[in-house]
Structure formats: structure tokens, C-alpha cells
Protein chains: 4
Amino acid sequence: MNPGSVHADENVARLLITCADQPGIISAVSTFLYHHGANITDFDQHTSDLRDGRFFLRLEFQLPGLQQNLDSLRTTFSERVAAQYRMEWSLTPSSEKKRMALMVSRHDHVLMELLWRTMRGDLPAVIPMVISNHDDLRGEVERFGIPYHHIPVQGDDKAAAEKKALELLDGQADLVVLARYMQILSPDFVAAYPQRIINIHHSFLPAFVGANPYQRAWERGVKLIGATSHYVTEDLDQGPIIEQNVARVSHRNSAEDLKRLGQDVEREVLLRAVRCHLEDRVIVHGNKTIVFVK
Amino acid sequence: MNPGSVHADENVARLLITCADQPGIISAVSTFLYHHGANITDFDQHTSDLRDGRFFLRLEFQLPGLQQNLDSLRTTFSERVAAQYRMEWSLTPSSEKKRMALMVSRHDHVLMELLWRTMRGDLPAVIPMVISNHDDLRGEVERFGIPYHHIPVQGDDKAAAEKKALELLDGQADLVVLARYMQILSPDFVAAYPQRIINIHHSFLPAFVGANPYQRAWERGVKLIGATSHYVTEDLDQGPIIEQNVARVSHRNSAEDLKRLGQDVEREVLLRAVRCHLEDRVIVHGNKTIVFVK
Amino acid sequence: MNPGSVHADENVARLLITCADQPGIISAVSTFLYHHGANITDFDQHTSDLRDGRFFLRLEFQLPGLQQNLDSLRTTFSERVAAQYRMEWSLTPSSEKKRMALMVSRHDHVLMELLWRTMRGDLPAVIPMVISNHDDLRGEVERFGIPYHHIPVQGDDKAAAEKKALELLDGQADLVVLARYMQILSPDFVAAYPQRIINIHHSFLPAFVGANPYQRAWERGVKLIGATSHYVTEDLDQGPIIEQNVARVSHRNSAEDLKRLGQDVEREVLLRAVRCHLEDRVIVHGNKTIVFVK
Amino acid sequence: MNPGSVHADENVARLLITCADQPGIISAVSTFLYHHGANITDFDQHTSDLRDGRFFLRLEFQLPGLQQNLDSLRTTFSERVAAQYRMEWSLTPSSEKKRMALMVSRHDHVLMELLWRTMRGDLPAVIPMVISNHDDLRGEVERFGIPYHHIPVQGDDKAAAEKKALELLDGQADLVVLARYMQILSPDFVAAYPQRIINIHHSFLPAFVGANPYQRAWERGVKLIGATSHYVTEDLDQGPIIEQNVARVSHRNSAEDLKRLGQDVEREVLLRAVRCHLEDRVIVHGNKTIVFVK
């Protein structure tokens, strides 16, 4: 009966499921959990014929002795329920903090927010490292006791730089967050962390895809500017959108103002997207996300 | 696999449940539905220990031949599931439009919105009548073919006026909406429609309880004005809140402006609250609401 | 000292000015008005070097006997102030209602809002006529006592249809509002009403330029949908933006839901854009607008 | 022609004026500035008869050699313009950073935001000191190189504690910001910094005046929670409101969640209020503020 707050009860877990829809799935899942002594405390499910009858579910349950029984629970669930419905699924204890590596260039605003939130226990994560193509933010990062790796990216050594980053990340990160990292990742890099690289784009996608969105927004005379957080795919700025928001601007605001105002939106949007991912609230289907908002 | 749109499939129904929480409820409900041939397409459940372990559920399911089997489904569910868990519950076909009586004084803005939305099929309701303590809006109402009853309320004939209104409503209304009805209803009237009278208050409750909220908001110099829709109880402006919203104002706005801007908020907030009620998205528990937002 | 409310004082006027910036303009304008007995009650000015030193001003003033002195005031202002600074300017009594012709196809939601607002005195306009390429909405329009002209547009008679519309509008309209008019206007038509045709586009421009924006927004999986009101220019969906807004959507919303939710945003955004134009709050400069918001 | 960005041009200044309204004020002010070689780049004025004909003005101007001529400009303006109209006024160079002392108890969220923004040059202020009734946040503050004064407040030594704080502040602060300082200031303390102490209250005032607003908001079942920044006066939570905002909450949110979500609103609202004050955008009149928003 835990409401799923940030301060996770060690006996609480989250189950994410997607599969082709058919009658009986909820009965099968909930009966399985009941027979294993679990009490479901939050259950959010949706099926849409517009998505060719796809079933999406996130639930939280409380189970005394969760930690000791986790392996057997996963095995049994896999055999008795998941296999029958060909589910893609994950079962994650709420107390398990994901390892979130950060990549950044020179802008500090979203980096600082993620560092500060994580360090004060407001985000359920640990930060194993920060990787940057510049050395500017080393001091800010290291004072939190977090390793800072400077990997310059210049001209034709981009492949070497990515190789070095992948080696550092190997086995150390469940998630990579691009906190205004101004380099385009290669398909190989992306493939190493499918649906586990989150980017913040400084426009309301799909408007202003590409470079200099604030300048272009100012030139177009929009009345709202925005930011978009999405999973990174091979196609630049085209990955599944997790979260977006906007802020109102006026003719009194210069292009420089838009950039400053936009940074606050970026900060807020990336934080919300990362929080949803860390709390296992996101399922990716095709190029879209299902986000089970609290 | 119907996504639950306004255009209701005749084989879709909604089930609302609340009871004390315990393990096994979801299993019992979903297995019951599965065995009766239903496919659950949307399932939203929450339990909170902060509300002393109360279980709240709204689900939608699709069942071929729903209409013919509705009575037996209700009876069987009552006997086999609801009784065991001491549930308060309702099972409602999505195609069943609620009868929504409107009460209004002189302001037309929310009345017109509800009339217009209902008539164009945008709200799943029928409007059996409009009751007013003034005759001003008769023309607007009657041109939609809806009966308009003028029941003046003056001095000590308030009890008689209420009696007349209750007689008109008797057996004709599932829901009474106070669309800026400027009379306080007696406890007897309220008791006749428990959790079925919806009011719109022109402030962000609990700020500015009582009369003249816009004038008082202007005098206090607030930067946002609001509106609140709530179920009517015996205590004025104290009933369970269904929906609220705000709008930004500035020093350039006079008290008269606040009233005009606020009317747009009232219109939007009451519409959303009424829509939630009509789509069976609201459970009242104590003096609070659980609203299963789409 | 009138606060500029909708209920216009007959002695209140608005002055809109734009010109190249240089010192002394405000002194010249305000001293001119002072010497003519006017009291300025609201003054909103902005200059931006980013717009190559362009001066933009909207002010309201109160002048006893305004109506009798309007012609001489305009003449004198033109000679003594405007000429010197090469101003583009307009001087408009607040009590003067603009004539707003509406063009519509089959969607009624923004049309009804504009009709209803205007008829109850909430928009400072008169509606001389509604022109439509369909006959569907005749009844709704005519019951307000407004002429409804059905001008079908089929195949190669588009030029003839436009010609007929222009003849009807000739001398009758200060402003043309496209209230979901689903035909593209020719450059000749647009040239007849420069910066005086307002359109509502059902997306957050520049995202989803062109047809079927809701379907495309649903396919892209955006988390906010929007609407944009802009002046019509020769370039489709590229004219100066007056107003925009967004609404939050989720995976529970079908493409059909997006359309329904978006219609409410369209209604609100067009209303605000039209109100700004009617209250002389908009200056167009290049492909952008300066909107002096209340 | 500087647009008034944060990165202040040393030749730009701001003039704030309020007085009883009468014709000719704008002419007098703008002509004075013109004759002294200034170019007005932003001018925002409003008069309201509802506020008994009070005149409010904020303008920005550019004047070559501002710094050298500031004293004589002030003297001359005082004699030739301000005296005649009995103006309350201030003339402030945009490049002049206000000294902002912070007082805090144990919550770090708004303190960190103000520190971080100021240190990166995003707020035009310097922070001479932080005063706290607890020692918890010393490390966070001192690493920015800012003096941290721990002044415990216990039982009957409150007067002594305030005396000590006033001595520390004396001559060092233009502004005192209560960044979640959980002590009520005495009338004497308030009188020492009239209209220069800014507080953040963790509710949407006037709702939930007093203690524990989040718990009370949760119990009332509101659908939006808010925060309010206001100038401190003798009357607790009753001072002139500078800024407010809200965030949406649902039945899934516990009282603890409301507190966490509310902290983000507090942070944003206090930041905006402080920024307005620092940029000389606020005039207090009676118990209300006129805020000239960018």
C-alpha cells in the first residue's frame, strides 16, 4: 500500500509489460501476483485499437521479502505468464537506483540540475561519471565526488572519442543522459544503449529540427518557445518523445532572452523525462512513448 | 479495444469500484470479467495507505452483447465479487447518456457552453430541462428545444421554490449542474442528489470563499484568478473539489476585467468537471475526489 | 483615466506608431497630445536594436470631445509629428467597432465562439456577413440575423468564387477572419486585405505546416498539441504569428481525441488573436508581430 | 536602443515613477530626458481610475556618459519634474547590482537556486551574506565564498537574534530575501527594510494562510497547489503579492508529494519575484504591486 513515493520501500517493485492485446492478460498477471503474496497498489493499463491492439501496463506491488524472492519471481513469471502472451516486460524493485551517466559540453544548466537533484536524494539514481568533450565543468562535477572524464572530439578522431567513451561506460551505466552534449552520436554508439540514451533538444520538436533553434524561433516570431526530451535514435532529433513543454515569449524578448528563458524549460523538461525513465514509467513502442504519469 | 472515445461503442462499459484495500481484488475483478468474455481496454487503479488503505478503480471493458447481458452481469458481479470485498461500485454502459438538469440565474456563459457542447454531441448527456430563478435566458434555452422552467425565489418562498424544482426534477435527472445558480440550496435539496449536484465557484477555493470573489481577488492583488468545480454538500463552498484552474492577471486588469477573464475559466473548469462525471471518472471519498483523468 | 476596458468610453482613442527609432519621439508624441488636451492612460513602447532600431508604440488617451475633433487631430498629428519621423500610424476611437467578416467551411467551433462573443458584446466588432464554401452552417448564422453567403468552390471555378467573395466584401469589411476556412486564398485575394486577414492553423507552427496536422502530431507522438493564429500572406502557413497556445495530450488520446482537444485550443487562440487585432494591439513588422498585451 | 537584457549596458538606466495622475506627466518626463540626450528604449505606463487616478511608469533609457552625469541628472529631475507632480521615483543604472542578503532555515531548494543563479551571472545581484537560524547549510554557502552567519533563535532570545541580524545587515543590504526562513520577523525588523523584504509562502495565497499549507491543501483535496512571493509587512502572509504560480496535482500524490512538487513552484516563483525586484520592475501601491513584466 505504498503510494510509490521517491523514498522507496524495499518491498515494492514495478512491472512494465507490453504485448499484443487479447482478453485475459490482466487476469493472468494479477492472479499470478496474488498467488505469490503481492498486493498491487497502483495499476495503469491501456489498450488502443489505433495501435493495432497493443497492450501496455505499468503496475506497482508490495511483496514482503521481495529481495530474497526476486529471482524466482522473475523466472516463474517468465515461464507461466510472459511466455504465453509473448510479453516484453521488466520487473524492477523500486529501491534499485539506476546508474545514470551524464554527457555534457559547455552549458551547465541541465547538468547542475541533475547533479543537485540526485545528490539530495530527489532523483532515484546514482551518477557513475560525467563525460565531456570540454574540460570547463570539471570543478563543478568533481566537488560532488563524481569522476569527470574529458574526451576531446576534434575533426576525424570522433570515432576514437566515442570508442573511449564506450569503454568508460561499459558495465557502468544503465542510462546515458545527454545534458546538452553538442556532438551527434554515431549509430554504433546509439545501438549500444537502445532506448537508454535520453537527449534534450532546445526546441518544441518537430519545429526547428537541427541547429540554432532559438535564433530561428526568434526570426519566425513564435509566441511560445519549447524544449523536447527524447530517446536518441539513429535519426537526428527524430527519436521517441518523452516530454515537452513551452514558455511564453513576447516582442520584448531578444534572441538572447529566448535562449535564457529556454534553458529553464530545457532544465525542467529533461528532469521530468529522466524522472519518468528512472521510475520505470516509460514504454517505447515504435517511434512513440507510453508514459505512465503519476 | 475501444479507446474510450466520446463516440461510445454500445458494447463498452465502465466499472467504478472503491472498497477497503486487500490483496486479490484486481485478480478477482479481472478474472470475473475474463470469464464473462470481456476484454479490459483501460484500467486505472490506485491504493494509498495515506487514505487508510482505500482501493480505487476505474476500468473500461468491451463485451459483445453487453446490452442483453447487463442485468445478469450486474447481479453476478454483485454476488460473486462485490459482496466479498464490500465494494461500492457502479457498472455503466458507455453508450448510456446521463440526464443532466441545469440550474442557472442570469449569467449565460457556462449555460451556453454546456448547451452547445451537449447539442453537438460533444458531451455524453441529454438535458431534460433548465430551471432558473429568472426568466432572462428562456429564449436561448428554448431554441434548443429544451424546457425552461422559471421558478422565482423571493423572500420566504424559498422552500416552496425548492419544492417545485424537486418535483420537476423527480425521476428526470441523474445529475444537477448549477451553471452559476446564485441561490444557496437547502440541506434537504442537497440530500436528494448526493454527490450528484455539481457547482462552479468563481474563485480558486479555498481562497475567497463566499460572495464577490473577483472583487476581493482584485483588492488583494493576486496575480492569478481561478475557478473551482465541486460537488455540493451542506457546507457552502466546502464540497469535494472535482476540478480547478487559474488564469494570469496583471495590474492592467480592473476588477471588471477579472470578472470577464474569470468567466472563461469558469466555463472551462465546469465543462471539464461535468465531462469527468459524465464519463464516470470520479469517485468521492470523504470530502475528496479521485478523478481518473484520460 | 479609463482603464481601457471593452466597454469603451467614447472619449478614448488608441494610437499605434512604428518608425525608425531616434531620440525625441516619445517627447514629440506626448507633448502633442498634452497640448491638444489629451490625458494618456496607457502607454506601451519598445525599441530593439536587434530589429535595427525600430520604434513601436501603442498608447491610449482620453480627450473630451474626441469625436468632434478627430479629423483635425489626425490632420495635425500627421503634419506636425508623423511626417517628421516618417511614422506608420493609426489613430482609432475605442468606441469604433471594426467590421469583421467571417469565412468558414464546415467546422463550427470557432465560428460559433466568434458569433456568440460578438453578439453578447464581449468582442468590439460587428459581423457584416459570413461567407462559406458550404451551406451547412447557414441556420446557425442566420438566427443571429447575420447574412450568410454560400459560395461553392469546385474545381476550376475557384477564381470566380474568390471574385464573388471580394465583391461581397468590398467596402463592407475592415477585417476578414478565416474561422477554419479550408480553401487556400490566392495572392490577389490576400493583397486586397493586407495584414487584415487572420487565420487559425490547427498546429503549433512551424511544426506540422500543411494538411492533417493532428494526424501527423499523433503519429509523431508529441506530448503537446497546439494552434497558431496568424495574418495570411502569400506563403501558406508562413504569415506573421499573432498568438499560439498548446494543450497537453497523452498516450490515452487517439488521433480523434487530438482533433477534439485541439479544437478547444483553436477556439481560444483565434479569439485572443482577433481580440488583439480589434483592440488595435498588433503592429506587423516584416514577418513578425508586436503584440501589446493587456 | 539596448533591449534591457541582463547583461546591462553601462549607459542604460531605469526610471520608476508613481504619482497622482494628471495630463502632461509623460510629456514632462520624456521631454526632460530628450533634452538631456537620452533615448528611451522601453516605456511602460498605466493609469487606472479604479486606483483613484494613480499614475505608474517604468522606463529604460540609454544615455552616453550616464555614470558621470548620474548625480546631476537626479538633482535636475528632482527639481524640474518630480517636485511639480509630487512623484515617488527612483533612477537606477542597469549596471548597478543590488546587494541581496539571504535568510534561510533548513530547506535548501530556493537558497541554492538564488546562489547558483547569482553566481553564474543570471541574476543582477551580489550576495553579501546568508543568515540562518540553523547551521545546516553553511557548507553549501561558504563554498561560493559567501559569509554564513548562524544566529540561533530560541525561546525568548528572539529579540536579541533579530538585533544581531540587523547589525550584520546594516549598510550591507539593499534587499533581504527570506528563502524559506521559518521565523516570523518583528514589526521593528520589517520597518527597517520597508518594501525590501521578499518572502516565499508555500501556498497560493490567500488560500492556506499560516502553517502547514501542503498538509492542509492535501486534506482539502485541491487540484492545484501554489506558491506566493510577497513583500513582508507587519501582517503575516498579508503583504503585497509580487508573483504566484501553481502546479497540478492528483489523487496519486501524497501530502509528501505535494511538498516536493510545491518546492519546485516555490523556487520558480521566488526567482521571478526577486528578478522583477532586482530589475526595478515593481512599484508598491497600498497593499498591491504594479509589476512591469518584460
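Keep in mind that glycine also has a Cβ here, set from the backbone N, Cα and C atoms.
In TrEMBL this protein carries:
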type	residues	note
DOMAIN	B:14-96	domain 'ACT'
ACT_SITE	B:ASP237	active site
Cβ-Cβ neighbours of the residue listed as 'active site' (radius 10 Å): 18
For the domain 'ACT' (B:14-96), mean pLDDT (0 to 100): 94
Local backbone state of B:ASP237 (active site), from DSSP in three classes: coil
Helix, strand and coil counts within the domain 'ACT' (B:14-96) (DSSP): 34 helix, 32 strand, 17 coil
